[in-house]
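Novice: The structure's right below; bear with me while I get my questions together.
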Amino acid sequence: MEVAMAMAVKVLLSLCCVGACGLAVYLYHILWLVPQKVLAKFEDQKIGGPRPSFPYGNLADMREAAAAAKAARASARRSGSGGGGIVHDYRPAVLPYYEKWRKEYGPIFTYSMGNVVFLHVSRPDVVRDINLCVSLDLGKSSYLKATHEPLFGGGILKSNGEAWLHQRKIIAPEFFLDKVKGMVDLMVDSAQPLLMSWEERVDRNGGITDIKIDDDIRAYSADVISRTCFGSSYIKGKEIFMKIRELQQAVSKPNVLAEMTGLRFFPSMRNKQAWELHKQVRKLILEIVKESGEDRNLLSAILHSASTSRVGIAEAENFIVDNCKSIYFAGHESTAVTAAWCLMLLGLHPEWQNRVREEVHEVCRGQPVDSRSLQKMKNLTMVIQETLRLYPAGAFVSRQALQELKLGGVHIPKGVNIYIPVSTMHLDPELWGPDVKEFNPERFSDVRPQLHSYLPFGAGARTCLGQGFAMAELKILISLIVSKFVLKLSPHYQHSPTLKLIVEPELGVDLTLTKVQSVCTKRGTAI
């Protein structure tokens, strides 16, 4: 009996050893040999990059560079530099490793994160070819899909192929120009609580006050997207936006284990928080769906598509919830952050603030803002365009080769993630001139940027569907604010760009406000 037990133990141990060896070989193959083969294909094309290490690729180098940059920022804040030392180039602070590698390896280089290989592209001819590619074989990058699953799911921001094409056909018509024109009055109405609140604060503080503007602008943008696209007031949608904001924070850092192994269900503290927030957001969205009336809006279009699709109830609900979450996030967070950057720049450049204010006065002449007056605000348009050049919400245009492709003369193996650094394209002196890091809206006065040089809304087949909507929303808010207030950058402002899915001011935007006479207000009432 004892002999048999001993033999069984030996067999079991042998099997465990064989299994462990097999797992080790498999992991070595997946985490090292496979990405090395891909990197070798790029090396054959004279495309290099930093040397990866097993098993995390270049993650250690990236973290070290990011930590050093963070320490440098903290030191600068302690020294009291405040807003006086603003440089309109966030790359060394936010993405220091990419800048280092680009200088070492040129405008096209490779790197890896775990077993995921990336091609970092800032060479204009290759960027142009990527943007012009309409093949479904070039899709949205799947990297971070596991990390971002609770926020985006299978919605339009992350889907590929026929699924993405189907969603685009549903959502795109809701953001056509004629639809956006019909939303202008509603956008003006949504701005009134913000304007009245700021006016009351200025009056209460003797005609001048400091305001951290971020939350108020998010409230405005949230109200606009709720009412125009989903028919719900901000009061009803407020909880959704708060939860989505929390969810954004929860998934803003890569989950390396999930991305390398696909094990997104590992019950870490962050995963548990994200799952709980996802459940809460899902519940709130489905409640709004049940309460939705007969109004024709984006929500009704999504509901109609879900009801006519030959899928089960659970899949239909996922379709509704994932796309609502995607639109909530893209439709209010990016716009709110851009508005904050724009007001910061106007506070920093009073000459352009005056030009915009005078233009609004001349165009409106005591009448309410409407779609026609928005089209005539050329200076304001240039200011917003320049804001989007210096502070694009999206740090990258990300794509993935779903099949082997050749773009710009570069052979790209299947599965490779392609990252185009938007800020690098926007700050290329060969594309924009020697004053590339200066705020100069005049550069947009008579020149239409080339497809590969200006990417605030992406480009090509996956260009942001809501860019017309976002521009109208930004024009309305900025025009109403500058027509009522003089803006100055507060002494408390600290320049703090950071990347949390989008590039936002980590410490917010602090402005000093005083009132001015205005003729461009709600329903044409002069003040």
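Keep in mind that glycine also has a Cβ here, set from the backbone N, Cα and C atoms.
From Swiss-Prot, for reference:
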{"type": "BINDING", "residues": "C464", "note": "heme binding site"}
{"type": "TOPO_DOM", "residues": "1-14", "note": "topological domain 'Lumenal'"}
{"type": "TOPO_DOM", "residues": "36-527", "note": "topological domain 'Cytoplasmic'"}
{"type": "TRANSMEM", "residues": "15-35", "note": "transmembrane segment"}
Novice: Using a 10 Å cut-off, grab the number of neighbouring Cβ atoms around the Cβ of the residue listed as 'heme binding site', all chains included.
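Specialist: Excluding its own Cβ, the residue listed as 'heme binding site' sees 18 Cβ atoms within 10 Å.
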Novice: Any idea what the model's mean pLDDT is for the topological domain 'Lumenal' (1-14)?
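Specialist: For the topological domain 'Lumenal' (1-14), the model's average pLDDT rounds to 71.
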Novice: Can you check what DSSP calls C464 (heme binding site), collapsed to helix, strand or coil?
Specialist: coil
